[in-house]
Amino acid sequence: MEEIKFLEGKRLTVVGYGSQGHAHALNLHDLGMDVTVGLRQGSKSWEKAENDGVKVAVVGEAVKGADVVMILAPDEAQPELYRSEIEENLKSGAYLGFAHGFNIHYERITPREDVNVFMVAPKGPGHMVREIFEGGHGVPCLAAVHNDISEDTRDIAHAWANGVGRRVGVIETTFKEETETDLFGEQAVLCGGVTELMQAGFDTLVEAGYNPEVAYFECVHEMKLIIDMVYEKGFAAMRDSISNTAEYGDYITGKKIITKESKEAMKGVLKDIQRGKFAKEFIEETENGYKFMNKERAEYSDSKIEEVGSKMRKMVFSK
Ligand SMILES: NC(=O)C1=CN([C@@H]2O[C@H](COP(=O)(O)OP(=O)(O)OC[C@H]3O[C@@H](n4cnc5c(N)ncnc54)[C@H](OP(=O)(O)O)[C@@H]3O)[C@@H](O)[C@H]2O)C=CC1
Ligand SMILES: CC(=O)[C@](C)(O)C(=O)O
Ligand SMILES: [Mg+2]
Ligand SMILES: [Mg+2]
């Protein structure tokens, strides 16, 4: 397994200090690597990064002379950032990294031909990538190489993945496979699928007159406890831990909720990702000032489930 030693003695730059940025920068920093964080002038994250012990510079300065540059600004901000701050400052033969294939796969960034291009995509939210690393374990990562002029870009990608993810596992992929599966997973299962499932369950109980606090514990809070068992030991072990009553209900009812129609809808979602329709619409939304997203954010933050949730979390986590 390629070790983190391929990064030793190299100047590593992480552009952005958000969810993924702080995790990549701090995990590699903790492992003794030479990390600089690149931020825009006046960034609200500047002080935070410095307090966390990493070097900080404006993006252009941080990129100049760096051996590896990992772009961890939001996907929609990357093309302009690349063109205005990164492209002219990247040294020839540098390694340019991404944590998601979006901008390469949908051809929104075409990197200079004299740089290596790779991806390390942790299969987890940045705050968990950091928290699990601090706990001594790691989040697995996907790794891919898009351009390999130095003939060792795979070693750099694996070293980066092994550093950020504490060597718990790296799977080889392509920019296309990562982009399409990641977008599909977050929309249909992990984020869109799960939140709507919890919401529909909560609403069904509340509309039937049950106590919203009971509905919240049942349909939201306990989700993590059940999923933690799947995460650690698999479906069978989870089903072994729940009652036979629950297990029978699981087999009988799951398929009434996630039906053939749900699977057909998933196929449609995947098609829209594959043909670039989702990407096009997302970019239009960002260019439109995030109008739809801001409306959704406002609606959800005013919702009953969030109101009850904040009360229930106070009860559970203040002990
Ligand atoms: N979120 C996640 O857990 C995951 C994300 N990814 C991928 O990682 C990448 C980063 O995503 P994520 O961590 O969510 O991003 P964030 O939204 O958390 O990134 C915010 C950071 O980017 C900086 N930033 C934003 N706009 C600009 C700009 N125009 N110029 C310079 N810096 C800017 C912000 O600066 P400031 O501090 O000044 O506001 C901040 O430091 C994406 O490619 C994403 O798909 C992959 C796996 C999971
Ligand atoms: C956290 C993660 O893996 C996601 C859901 O794909 C993302 O934040 O883009
Ligand atoms: Mg993902
Ligand atoms: Mg994603």
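Placed from the backbone N, Cα and C atoms, the Cβ positions cover glycine too.
Matching G124, G126, G135, G136 to the NADP(+) binding residues that TrEMBL gives (Y17, G18, S19, Q20, R40, S43, S45) identifies G126. The shortest Cα-Cα distance between D182 (Mg(2+) 2 binding site) and any of the binding-site residues Q20, R40, S45, S243 is the one to Q20. Within the set of recorded positions S19, H100, G126, E218, E222, S19, H100, G126 have a CB atom less than 6 Å from some atom of ligand 1. Candidate recorded positions: H100, D182, E218. Those with a Cβ under 6 Å from ligand 3, in sequence order, are D182. According to its DSSP assignment, S43 (NADP(+) binding site) is coil.
For E222 (Mg(2+) 2 binding site), the nearest neighbour among the listed recorded positions (S19, S45, H100, E186, S243), judged by C-alpha distance, is S243.
The secondary structure of Y17 (NADP(+) binding site), as reduced to three states from DSSP, is coil rather than helix or strand.
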